[in-house]
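Chemist: Features from TrEMBL:
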ACT_SITE  HIS117  active site, pros-phosphohistidine intermediate
BINDING   LYS11, PHE59, ARG87, THR93, ARG104, ASN114  ATP binding site
DOMAIN    3-140  domain 'Nucleoside diphosphate kinase-like'
Amino acid sequence: MAIERTFSILKPDATRRNLTGKINAVFEEAGLRIVAQKRIHMTRAQAEAFYGVHKERGFFNDLVSFMISGPVVVQVLEGENAVAKHRDVMGATNPANAAEGTVRKLFAESIEANSVHGSDSLENAAIEIAYFFAGTEIVG
Ligand code: UDP
């Protein structure tokens, strides 16, 4: 299986409740390695551009407001089949539908405040990583 890199965000509900270590422990135990990481407070423009694919959706404005309501941790995770593995360990978007043991089942507050973001394809992972990190900030 191929070694991949994917993009991950620990969302404001996770930083507010001091859960970043517990969530990253789940990722690390699943075989994902954190090869880049920083804590930032996104601007509205950054969050709007990041979630631009959803701009016609009814939840867009609330989502952007939530994403800038506090600091986030942006990170790059590396491992075998990292994109799909990360999505599996995150669990379903709505925590009510998330499988036992997944991050969203364990920690999410709601469909919006669902603790984590993860790239949904290898192509989007590359775009999202480049949006937040310079190549020199990623140390494998
Ligand atoms: N979201 C929301 N309401 C919805 C669907 C999604 O607030 O009905 C938020 C939620 O935070 C989700 C993000 O928008 O993580 C992006 O949605 P997507 O469908 O891409 O879900 P994901 O890939 O994060 O599981």
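Using N, Cα and C of the backbone, Cβ positions are placed for all residues, glycine too.
Note: TrEMBL annotation is automatic and uncurated.
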Chemist: Through the lens of DSSP with three states only, how would you label LYS11 (ATP binding site)?
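Modeler: Its secondary structure by DSSP: coil.
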Chemist: For THR93 (ATP binding site), what is the secondary structure state per DSSP, taken as helix, strand or coil?
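Modeler: In the DSSP reduction, THR93 (ATP binding site) maps to coil.
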Chemist: Under 8 Å Cβ to Cβ from LYS11 (ATP binding site), same chain, six or more residues apart: give me those in sequence order, or none if nothing qualifies.
Modeler: PHE66, MET67, VAL72, ALA113, ASN114, SER115, VAL116, HIS117
Chemist: Checking the binding-site residues LYS11, ARG87, ARG104, ASN114: which ones have Cβ within under 6 Å of ligand 1?
Modeler: ASN114
Chemist: Tell me the Cβ contacts of ARG87 (ATP binding site) under 8 Å, same chain only and six or more apart in sequence, or just say none.
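Modeler: Expected: GLY118, ASP120.
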Chemist: Which whole number of Å gives the largest C-alpha distance between any two of LYS11, PHE59, ARG87, THR93, ARG104, ASN114, the residues noted as binding ATP?
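Modeler: 21 Å is the greatest Cα spacing among the residues binding ATP.
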